[in-house]
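The feature GTP binding site is assigned by TrEMBL to 70-77, 142-146, 196-199. Here TrEMBL flags 61-249 as domain 'Tr-type G'.
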Amino acid sequence: MVGAAALRRSARRMAGHIAAASALSRNALQQPERLLSSQASPEHGARGAVSGSELALYPPERVRNFSIIAHVDHGKSTLADRLLELTGTIQKGHGQPQYLDKLQVERERGITVKAQTATMFYRHITASQDSDAPKYLLNLIDTPGHVDFSYEVSRSLAACQGALLVVDAAQGVQAQTIANFYLAFESNLSIIPVINKIDQPTADPDNVKDQLKRLFDIDPSEALLTSAKTGKGLEQVLPAVIERIPSPPGKCDSPVRMLLLDSYYDEYKGVICHVAVVDGALRKGDKIASAATGRSYEVLDVGIMHPELTPTGVLYTGQVGYVISGMRSTKEARIGDTLHQAKITVEPLPGFKPAKHMVFSGLYPADGSDFEALSHAIEKLTCNDASVSVTKETSNALGMGFRCGFLGLLHMDVFHQRLEQEYGAQVISTIPTVPYIFEYGDGSKVQVENPAALASNPGKRVTACWEPTVIATIIIPSEYVGPVIMLCSERRGEQLEYTFIDAQRALLKYQLPLKEIIVDFYNELKGITSGYATFDYEDSEYQQSDLVKMDILLNGQPVDAMSTIVHNQKAQRVGKELVEKLKKFIERQMFEITIQAAIGSKVIARET
């Protein structure tokens, strides 16, 4: 017995010596990195604890809230990584690349889907100051770059006073760069242009400066030249943020008012709300109320993202952080809501426009018996993605399912992928449709999101119909202008603008029916321009159109899940394509099956 105890003691001592030695060798290895981030704050190491008394050292004039905006794949997330390393928020070479992209779908596709916040501490040393230079608290928000997630971008910009507009030095200004610039411009933000990827062999920063001057009237001398990959030029980014972006406005001595930027559900903590404190200070134990719902809550936990959730017990004016208040569902946490001190009436802060659903699709379980599992999966996923609308529906062909509204096609695709990856749900989705408005002879109007719901009722005659349109911005190399104009006119587009950005590239603006772009427009556009086109759209008004409902009949029986609404001129062609496709996919039977496309009682295409 004694021998065994002695052995255990010596083994423990040995393990202690090994751990100490490895820690020493790790420290020795990290020494050069520490020198690299000498301007990082030593008190807050990577993921170090931050106390409320330390946050009190940062009044609004020493706080900067900024976001990074750019077109897809211009290097936003890599730049965010470098800034987090530069300030010692994460350790260099540790963790994963694109640190703030947390979802599996973001890593696989290399895109940002959810905006993410991180708080950094930075000592700003100027030529006239020594090591006693003041330290600043910087809140960085990394935003998505794809058109479908511009709702996320507009929410993020509401918490900021400035933005880094990142442009690829080789690709130049793209469609989403223009859209994001105007989102920031409308929010009255200070914009710092950053020309990234200057290490690339095809980089042409001077040409990009000319584009910024011509399109946005930005002084070329204001642009910062960087390479997030190699680290070149990054030392000028944070000083520019501090010098050029104003501090957040707000009254420190007023009752607390906060803007609710985002919320998501955590299995253990409940609903976690991301907030920007506009006035006053928020402390753990405070009673707060929602201006939208009128409900009151007690603050159970409050802190900052540094870069993970770091409790501080308090948030002061101008700071961005998280609040846990015992909300049971994200439906209580309305994005854009004002949270304020309970039992005090305050002026609600200007929120943001509600998410506008552009594409609708039916989701059904691949196996009818899995309906409850799919319902549970969709419920959990919508807790973390408030921009999806869900209603139950029933189809004769597919059984019980859901009609979901999305911000766009990529948003729909990402939602499907997350359902499969995160919850193992197998789903069948119907053809995506857009919301139409139909007017009947008696003057009543109805909005139709599911074509099967449009009754082919002889007693009710449709007298007029409207469809949603979008304003599309397309940037292409000038040699492809002809084919792109042809494509847009085929899709019933109306040209609004045609200008040249420079000698090589043209900008086209079209008003297009949303129905014409949701399925394969982007793929065709990429195909005819050899992948060089960039495309962005914003929703516009409804326009009157000549629309008809087309049914697909198998042996004379309509299949409701395959009903679609088409433009009268295109009905014949679309019907012919659909029945030919179905003929290929339906397995051969022992008897004859007629496949027909019909408008009302008139058959327009048939295969057997």
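Here, residue 1 is simply the first one shown, and the rest follow in order.
Cβ from N, Cα, C; glycine included.
No curator has checked TrEMBL annotations; they are predicted automatically.
Positions of TrEMBL features highlighted on the structure.
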| residue | record | CB count, 10 Å |
| --- | --- | --- |
| A70 | GTP binding site | 28 |
| D73 | GTP binding site | 15 |
| K76 | GTP binding site | 27 |
| T143 | GTP binding site | 27 |
| I198 | GTP binding site | 21 |
